[in-house]
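S.K.: According to Swiss-Prot, the record shows the following:
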- 1-124: topological domain 'Cytoplasmic' (TOPO_DOM)
- 75-106: region 'Interaction with Sec23' (REGION)
- 125-145: transmembrane segment (TRANSMEM)
- 147-167: transmembrane segment (TRANSMEM)
- 168-173: topological domain 'Cytoplasmic' (TOPO_DOM)
- 174-194: transmembrane segment (TRANSMEM)
- 197-217: transmembrane segment (TRANSMEM)
- 218-236: topological domain 'Cytoplasmic' (TOPO_DOM)
- 237-257: transmembrane segment (TRANSMEM)
């Protein structure tokens, strides 16, 4: 046993002392150690993950105000989300499809049936003018003591549906329902003149019959001419004008009686 004690005492003989450990200090957070110089730009999270310096977020400086935190990034602008400014957006009327220049050109085409019509303009779906003309037609009937708004809208819907089916069977290119409703609505303008005459005098005499026949021919001729120019239906104007005359004849009967 004495030999074993001597061996242990010789094995553990070092220059290390516990008293020296208490006197020695280690600076892990400061800049005194060798590791602080080499890894000063790195950050170690609580879970022990290494974060490179280029991925570190800039620290916010304290402003001294509790309810007003410091903004690390500038606030986003509306241009960031939408891409373009509000000044570059199209006008509201253009987004709704309302073009007063085209409305005026279509109105002049109806008022001048012998004038050459532009098929590209008439092929557009524009319901702003037809709605206004339907309201004006109902208003003039109301001035004559006839409350026929329901009949006007009902006959208009049925007539547009019938012409839509007929034109799709007759034309090679086909036509949309909006285009048919737009053309028939614009060609209702002469019928507003007939209902306005009915406010002043009666249309049940010979003069009224001649005026009614003229207005029906005017409306049907304008509508058929626009349809054949927009759909390239040369030589079929009479075939298109006949159903148009039947439709506008119903509106004329409402105005006369």
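Here the Cβ of each residue, glycine as well, is placed from N, Cα and C on the backbone.
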S.K.: Same chain only, please: residues at least 6 beyond the ends of the topological domain 'Cytoplasmic' (168-173) with a C-beta under 8 Å from a C-beta of the stretch. Say none if there are none.
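M.R.: Counting only partners 6 or more residues beyond its ends, the topological domain 'Cytoplasmic' (168-173) has Cβ contacts under 8 Å with 231-233, 236, 239-240.
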S.K.: Can you name the far-off residues of the same chain, 6+ from the ends of the transmembrane segment (197-217), with a Cβ under 8 Å from a Cβ of it?
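M.R.: For the transmembrane segment (197-217), the far contacts come to 140-141, 143-144, 190-191, 245, 248-249, 252, 255-257.
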S.K.: So what's near the topological domain 'Cytoplasmic' (218-236) in sequence-distant terms, Cβ-Cβ under 8 Å and 6+ beyond its ends?
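M.R.: Beyond its ends, the topological domain 'Cytoplasmic' (218-236) has Cβ neighbours at 109-110, 113, 116-119, 122-123, 167, 170-173, 175, 179, 183-184, 186-188, 190-191, 242, 244-245, 248.
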S.K.: Where does the mean pLDDT land for the topological domain 'Cytoplasmic' (218-236)?
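M.R.: The predicted confidence over the topological domain 'Cytoplasmic' (218-236), as a mean pLDDT, is 89.
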